[in-house]
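Asks: One structure coming up, written as structure tokens, with questions to follow.
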């Protein structure tokens, strides 16, 4: 069996350790996201994707351990398993990245249609209202398309622009016929008792609608995720290339100088015999 180049060996071990660390972190993030989605009651929609992430991350973690073991102990079978497994994982992730890139516009359009179906907001379901409230609080916006006008005359207090926010966000004064209301979407009260009016003509509301901001954030998140997965695919490919290099070095035979045996007696005996005859 050939000798593995020490530089290639430790470079491969470093890449395997890095893959293992990243896989562990992604596994922890997936577990956290699983728990968050379960609490938000959205687990049925994303459960297949979560299962695939679990399998992919656990598999790459195991393969990274096999790669380190194969390089340290010079076990050919372990390096072969690493190269084959990581090649398949890299190919699968690359295909999924291409699919996600081509469906990016479709996903944005789906988000737009899903939220436009909530219009008019004055008659939206309580579950949808809660989602919009959270969006308005997080993104500092109001309404979906036309700003506070989407709420009609009853504007939720999540649209109110505070004095601190007025310096960083665009705020406007609503019309005189509007009022601010507090909704209680999770209460068991009747629809007429679900809000409390607050009249104050000096209050300001966020000018920007939420739907364009939401689509922009989702587009950025998709692009960022694609960038991360492409970089991860490149790292896996580097590991596969180093594994193939190690396998080639294992198959290369080491040149050993030949050992020649002879049956002729030593030359000094011949000299001694010649001297005795003289």
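The backbone N, Cα and C atoms fix where each Cβ goes, and this holds for glycine too.
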Asks: Which of these ranges is annotated transmembrane segment in TrEMBL: 220-247, 248-275?
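Replies: Based on what TrEMBL states, transmembrane segment spans 220-247.
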Asks: Give the range, chosen from 77-95, 96-114, that TrEMBL lists as transmembrane segment.
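Replies: That would be 77-95, the stretch labelled transmembrane segment in TrEMBL.
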Asks: Please indicate, using numbers and ranges, the residues of the same chain that are 6 or more beyond the transmembrane segment (46-70) and have a C-beta under 8 Å from a C-beta there.
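Replies: That would be 12-13, 15-17, 19-20, 23-24, 26-27, 30, 33-34, 37, 76-79, 81-82, 85-86, 89, 92-93, 236, 239, 243, 246.
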